[in-house]
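Straight from TrEMBL, the features:
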- 32-51: transmembrane segment (TRANSMEM)
- 63-81: transmembrane segment (TRANSMEM)
- 88-108: transmembrane segment (TRANSMEM)
- 151-171: transmembrane segment (TRANSMEM)
- 178-202: transmembrane segment (TRANSMEM)
- 222-243: transmembrane segment (TRANSMEM)
Amino acid sequence: NCLWKCDLFSVKDEETKVHRAVSVFQFYVQPWLAELVGSTLFIFTGCMSVIENPLDTGSLQPALAHGLALGIVIALFGEISGGHFNPAVSVSVCLIGGLNVILLLPYITAQLCGGLIGASLAKVISPPNNYFNTSGGAFNTVKDSDQVGPAVVAEMVMTLFLTMSVCMGAVNGKTRTLLAPFCIGLTITADVLAGGLISGACMNPARAFGPAAVAHYWTYHWIYWVGPMAGAVLTGTLIRLMLGDEKIRLLLK
């Protein structure tokens with residue numbers, strides 16, 4: 001009888017360990033991998049859309065490439081990690097309670113690593129002249145200090161639009177829609193078409209960091225952190241205070 005009880009406890013302990021391991025994998029490891037792979041694919045595509053035609057890229061080609069790529073990776077990995085692939089998106093989603101704060105730093109780490117991998121792959125397969133002439137897909141639109149103010153404001157507003165699309169379309173219960181990947185991808189396309197000539201329309205520190213690190217192009221790089229993060233915080237504040245549903249909103253519940 002004692003042996004039977006001991007065996008029973010042993011089986012339960014093993015089941016508990018297996019369940020705990022599966023939970024850790026699904027909660028921590030799998031979302032991290034999804035953010036890493038998705039960021040790699042998105043940023044690789046974005047870099048190549050700029051590098052491929054250095055003399056006459058214009059705004060349409062990067063707008064379509066970035067928008068389509070982001071919509072696809074969100075559809076693929078959204079159910080695993082939420083489909084952020086952008087530190088600014090992770091910050092805004094975390095601010096409204098859609099991402100556990102414990103996962104914020106791992107998510108951002110995965111996104112930055114994905115940026116490095118995606119930009120490195122773009123460098124490996126690109127003709128050297130094209131790569132050099134486009135700074136490896138890094139953001140080189142801002143050339144002097146007179147452009148800094150408009151570029152920061154543009155990045156803030158465009159990121160506000162993007163993060164608002166993510167938070168209201170994919171997180172907020174009252175407005176959440178199955179069309180969120182499509183809407184978010186279209187937001188990227190619209191932003192690039194509207195603001196590409198002002199700041200490059202980055203909206204994503206990971207998209208800026210990877211190519212800048214690989215190409216060693218850091219000119220005005222800080223713009224693509226300050227602008228997007230300010231836009232993300234503004235989105236989180238607006239949704240928390242006024243636009244969110246009763247579960248998210250802090251005022252007038």
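Note that Cβ sites are derived from N, Cα and C of the backbone, with glycine treated the same way.
Caution: TrEMBL annotation is automatic and unverified by curators.
Under 8 Å from some Cβ of the transmembrane segment (63-81) lie the Cβ atoms of residues 30-32, 34-35, 37-38, 41-42, 45-46, 48-49, 107, 170, 180-182, 184-190, 192-193, 196, 201, all in the same chain and six or more residues away from its ends. Of the candidate ranges 32-51, 88-108, 178-202, 222-243, 222-243 has the most C-beta pairs within less than 8 angstroms of the transmembrane segment (151-171).
Same-chain residues lying 6 or more positions outside the transmembrane segment (222-243) and placing a CB less than 8 Å from one of its CB atoms are 86-89, 91-92, 94-96, 139, 142, 148, 151-164, 167-168, 172, 199-200, 202-205, 207-209, 249-251.
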